[in-house]
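A.B. asks: Taken from Swiss-Prot, the feature active site, proton donor applies to H322. Under the heading Ni(2+) 1 binding site, Swiss-Prot lists H140, H142, K219, D362, citing sequence analysis as support. According to Swiss-Prot, the Ni(2+) 2 binding site annotation covers K219, H248, H274. Positions annotated as substrate binding site by Swiss-Prot: H221. Under the heading domain 'Urease', Swiss-Prot lists 135-570. If you look up Swiss-Prot, you'll see K219 marked as N6-carboxylysine, on the strength of sequence analysis.
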Amino acid sequence: MSRKLSREAYTDLFGATEGDRLRLGDTNLLAKIEKDHGTYGDEAVFGGGKTMRDGMGMQSGTTQAEGALDWVFSNAVIIDPILGIQKGDIGVRDGKIAGIGKAGNPDTMDGVDDELVIGPSTDTAPADGLIATPGGLDIHIHFNSKELFEHALASGVTTMFGGGYGGGATTCTTGPENIKRFLQAAEEYPVNVGFYAKGNSSGPDPIIEQIEAGACGLKLHEDWGSTPDVIDTALTVADEEDVQVCIHTDTLNESGFLEDTFEAIDGRTIHTFHIEGAGGGHAPDVLELIGYDHMLPSSTNPSMPYTVNTFDEHLDMVMVCHHLNPDVPEDVAFAESRIRSETIAAEDVLHDMGAISMMTSDSQAMGRMAEVITRTWQTAHKMKSQRGALPADRGTDADNARIKRYVAKYTINPAKVAGINEYVGSLEPGKMADIVLWEPEFYGIKPKYVIKGGFPVHSEMGEANGSLMTCEPVMQRSRMGAVGKAKHAISTTFVSKAAYENDIGDQIGLESRVRPVEGTRDVGKNDMRHNEYAPENIDIDPQTFEVAVDGEHVTCEPAEELPLAKRYSL
């Protein structure tokens, strides 16, 4: 016997379906579901009197060895940079995405996908009405505090690349012994990690020994001297070893100007950190590098989005971060040269155009670990308010093109740049089951569940002595996947191919799986999903700092109010 449900009644029971729109948090962004994989009337739902019972939505007698899922997250709305915006069931086996589609019991339900069979060995975290996104990546982290890992997970970030300590300011771990210690320390946390070595050396041997010790990439920082010779040496070694090079260029233009750095890079792939320049880099024109295919640009979150407070906050942050003395005029001039309202205003617009491809934190060296995802969506909201719908969204009553552009900035694009997109960055089948589940009203700021390697590691959770999980205070807390040996089974440490082939994990006693980065030297701007725009003509006026693209002034007004802010964090 069938029953016809109104669209509203269906949504209350099973969540939104094809053609429905969801508002993301308290932003102005609307996501429209492009496809629903479900079979109406045969939805897999867990609970008393629901369908996920033996012989109904759960196939009797089917073992995990025979193909039953380990986990199913049913009836989720998926927002993914590759898959788009869909509704479906997410199946997990052996810590990986088994598929997205229709899950259930093929004996009793129509349309069940072969790889999404629910059996007695299948567990669930009901995702009805929730939004699922890939675990976020932050590939610009200063590992100065061990609490960063908890803040990352609580915000939806499951992969962390960076370095420590480097004076606390340079995003690199210096020397083979220090790299090994950081790799060992990271075993304590249920995240994917990778550590950058110091690439500032005019000779190759010190760089090579760090790569062989387990570094996943190289970092060039002006505080260690980002000279043309250093840049050339690091890139030469990186090309031989297949690791990425990240660069913080010379703010003071002491060892050369932007043109000299460009010449030293010589067409080779490089990740340009905080490309706007407030975080550091050739003043005032480092932003011009976004116009080249081999330059892979990212922003750091302190300057995103541009608000009425951005300029004043940054000046003090630069002084502290780079050990500058406010009583020394030259130090003050150094800080002031980096903070330019005009280029910060242009940064928002260039993100919205898809010319800046990634968002990162720069945690504890001006940026905030837990705000990568939040500030990405605040920027998307601000740009819709100020620039209107993107051309691809006009006439759709939704913002799908803009949403895909922005979610790619902290998922698939940094995964490609880091050389780990085979493993993370999207919810494509075969990748790690790093999944973040959000209630739509809390999207972008407070995840409901964080799944790492197919197992819950963090979630909203009430008082442990309460009668229910919902007993106040409900707050972000660790789950069982974050403790014991489970955290090793669900996490991955990324190292260079040389270190992987030399069994660095066994050498230093790592229990987490170790995998090599690869393909870092062939990636270009054209590979940046939804963010591949490379302006042919971008100019920064050396006097006014105004930014022009193809002769048109690129700017925006500072925001006085933002979504995903005090309303959620009182």
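Including glycine, each Cβ sits where the backbone N, Cα and C put it.
Note that the structure is a prediction, hence the values are computed from the model and not measured.
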A.B. asks: Fewest other C-beta atoms within 10 angstroms of its own C-beta: which of the recorded positions H248, H322 fits that?
C.D. replies: H322
A.B. asks: So among the binding-site residues H140, H274, who's got the most Cβ atoms within 10 Å?
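C.D. replies: Of the binding-site residues H140, H274, the most buried by Cβ count within 10 Å is H140.
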A.B. asks: Cα within 10 Å of H221 (substrate binding site): which of the recorded positions H140, H142, H248, H274, H322 qualify?
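C.D. replies: Hits: H248.
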A.B. asks: For Ni(2+) 1, what surrounds H140, H142, K219, D362 with a Cβ no more than 8 Å from their Cβ centroid?
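C.D. replies: Those within range, site residues removed, are I141, G162, G163, T170, T171, C246, H248, F273, T300, T360, S361, S363, A365, G367.
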A.B. asks: Given a separation of at least six residues and a C-beta threshold under 8 Å, show me what packs close to D362 (Ni(2+) 1 binding site) in the same chain.
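C.D. replies: Same-chain residues close to D362 (Ni(2+) 1 binding site) (Cβ under 8 Å, separated by 6 or more) are H140, I141, H142, T171, F273, H274, G279, T300, N301, P302.
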A.B. asks: In whole Å, how far is H322 (active site, proton donor) from H248 (Ni(2+) 2 binding site) when you measure between their Cα atoms?
C.D. replies: 13
A.B. asks: By a 10 A CB contact count over all chains shown, which of the binding-site residues listed here is most packed: H142, K219, H221?
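C.D. replies: Per the Cβ count within 10 Å, the most buried is K219.
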